[in-house]
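Q: Handing you a structure now.
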Amino acid sequence: MTILNIAAVDLGASSGRVMLASYSTENHKISLEEIHRFKNQFVSQNGHECWDLAYLENEIVNGLRKISNSGRTLHSIGIDTWGVDYVLLDQNGEVVGPTYAYRDHRTDGVMQKVQAELGKEVIYRKTGIQFLTFNTLYQLKAMTDENPAWLSQVKDFVMIPDYLNYRLTGVINREYTNATTTQLVNVNIDSWDTALLDYLGLPASWFGRIRHPGHQVGLWENRVPVMSVASHDTASAVISAPLSDENAAYLCSGTWSLMGLDTTTPCTDECAMNANITNEGGIDGHYRVLKNIMGLWLFNRLCTERDVTDIPALVKQAEAELPFQSLINPNAECFLNPSSMVEAIQQYCREHNQVIPKTTAQLARCIFDSLAMLYRKVALELAGLQGKPISALHIVGGGSQNAFLNQLCADLCGIDVFAGPVEASVLGNVGCQLMALDQIHNAAEFRQLVVKNFPLKQFKKRPHFMPASDFEEKWCEFCALN
């Protein structure tokens with residue numbers, strides 16, 4: 001029996017891991033082992049929020065060396081990260097300028113300026129990407145306006161996972177799923193939109209050819225293949241979401257919550273634009289028609305501010321609080337990166353004549369209720385786009401462990417919710433590597449392996465969780481916030 005040892009590097013906005021997947025080519029068992037975990041956080045450079053690339057590279061290599069030093073033969077490596085953030089390289093492959101983080105405030109007001117100059121509908125028809133203030137399009141516009149002197153130094157533009165692959169292999173590869181998060185890829189041709197690049201005043205030569213995942217980029221230390229995976233972590237997570245049928249939706253639940261459909265065609269009509277739906281690239285010729293929701297970022301910040309160490313206990317305390325006393329719009333800009341999340345929530349409730357949550361449990365309940373309400377709203381929008389009701393919701397990622405929020409989601413959306421796998425991005429990363437290693441052929445085949453190896457938990461709508469008239473009142477209150 002042959003065991004393939006596959007390293008999946010999974011970087012998030014607050015932490016990173018090097019995971020080792022062991023895959024049996026005989027019985028198709030997959031096991032996961034965390035080899036190395038490290039913190040990730042913004043670093044301040046000249047008043048801007050940035051990423052420390054040298055630190056990330058060093059931690060990744062530390063994790064890979066731990067595997068090598070354990071005596072196990074490593075068969076391949078893949079890296080996935082968040083989207084939208086990029087690196088500029090000069091002709092020697094050295095980094096030009098800081099590597100800004102998407103929560104940096106330099107893009108404040110830039111999106112509105114670009115929309116006014118180009119036209120919102122024009123941008124959306126070209127790219128199919130939802131309008132978020134930190135999309136790469138607006139980051140680059142801020143850069144060209146503020147630091148035009150850098151332009152003459154730059155030879156290559158790469159996304160962060162492509163940069164890390166380059167550091168491991170010396171080879172530049174521009175991976176499709178992450179490239180689509182930039183709002184610079186034309187959804188009709190799956191290539192860079194030259195008109196948008198011209199608008200920014202940037203040469204097409206910076207950007208190079210986009211390639212789909214599932215192939216070898218190069219070798220680490222001249223011996224271990226580094227594979228191009230679905231390097232946007234959400235794209236990897238969707239690969240491992242064991243969708244029950246074509247009308248099932250997924251919810252990648254973590255720092256961000258991303259709810260969507262796995263489709264063969266993008267949706268860029270006026271209804272999709274008005275709903276701020278995004279059409280990000282997937283694999284096997286599919287698109288991720290989805291919506292970004294601020295997600296557990298709000299809860300994580302609450303726990304940090306209130307020094308919460310026992311998160312399961314706080315979730316239970318929140319469950320015991322009265323429901324729907326305070327509702328917020330989790331996607332409101334004031335929650336993107338406030339100096340105090342507690343104060344931001346309380347101020348929002350004050351401005352919208354809501355009950356002001358004070359205790360940590362009340363604040364947590366406010367967050368969970370509001371997220372579940374927003375999940376319901378997005379599910380209804382997605383159903384409207386596809387012309388069919390959502391049949392089931394598959395919640396994957398770390399947030400799928402929150403049974404209370406899963407149950408709220410089933411109650412409010414009125415459909416069965418299936419939770420798991422927890423390590424969705426890691427598994428999707430592994431799945432792409434297995435495709436590159438010719439062990440499996442497509443996402444559908446890999447999802448069957450996921451179900452066999454990682455049991456799901458099912459949540460059904462409770463028939464009498466709240467009187468219909470009371471809920472309708474709260475639902476109307478929430479919709480008025482959006």
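Just so it is clear, glycine is given a Cβ too, placed from its N, Cα and C backbone atoms.
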Q: So Swiss-Prot lists GLY83, HIS232, ASP233, THR234 for substrate; which of ASN27, ASN186, ASN292 goes with them?
A: ASN292
Q: Out of GLY119, GLY128, GLY398, GLY414, which is the one Swiss-Prot records at the ATP site of ALA13, SER14, SER15, GLY16, ARG17, THR255, ASN300?
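A: When Swiss-Prot describes the ATP site, the candidate it includes is GLY398.
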Q: By Cβ count within 10 Å, point out the most packed of the binding-site residues listed: SER15, THR234, THR255, ASN292, ASN300.
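A: Per the Cβ count, the most surrounded site is THR234.
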Q: According to DSSP, collapsed to three classes, what secondary structure does CYS413 (disulfide bond) have?
A: helix
Q: Taking the Cβ of GLY16 (ATP binding site) as the centre, count every other Cβ atom within 10 Å, in any protein chain shown.
A: 21
Q: Across the record's ATP-binding residues ALA13, SER14, SER15, GLY16, ARG17, THR255, ASN300, GLY398, the largest CA-CA distance in angstrom?
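A: Output for ATP binders ALA13, SER14, SER15, GLY16, ARG17, THR255, ASN300, GLY398: max Cα distance 18 Å.
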Q: Might you list, by sequence position, any residue in that chain lying six or more from GLY398 (ATP binding site) with a Cβ less than 8 Å away from its Cβ?
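A: When sequence neighbours closer than 6 are ignored, GLY398 (ATP binding site) has SER253, GLY254, LEU296, VAL422 within Cβ distance under 8 Å.
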Q: Given the recorded positions ALA13, SER15, ARG17, ASN300, CYS349, find the one whose Cα is closest in space to the Cα of HIS232 (substrate binding site).
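A: Going through ALA13, SER15, ARG17, ASN300, CYS349 one by one, the closest to HIS232 (substrate binding site) is ALA13.
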Q: Which one is it: of the recorded positions ASP233, CYS349, CYS366, CYS409, CYS413, which Cβ has the fewest other Cβ atoms within 10 Å in this structure?
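A: With the recorded positions ASP233, CYS349, CYS366, CYS409, CYS413, fewest surrounding Cβ atoms within 10 Å: CYS349.
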Q: Can you tell me how spread out the substrate site is, meaning the largest CA to CA distance among GLY83, HIS232, ASP233, THR234, ASN292, in Å?
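A: Between the most distant Cα atoms of the substrate site, 13 Å.
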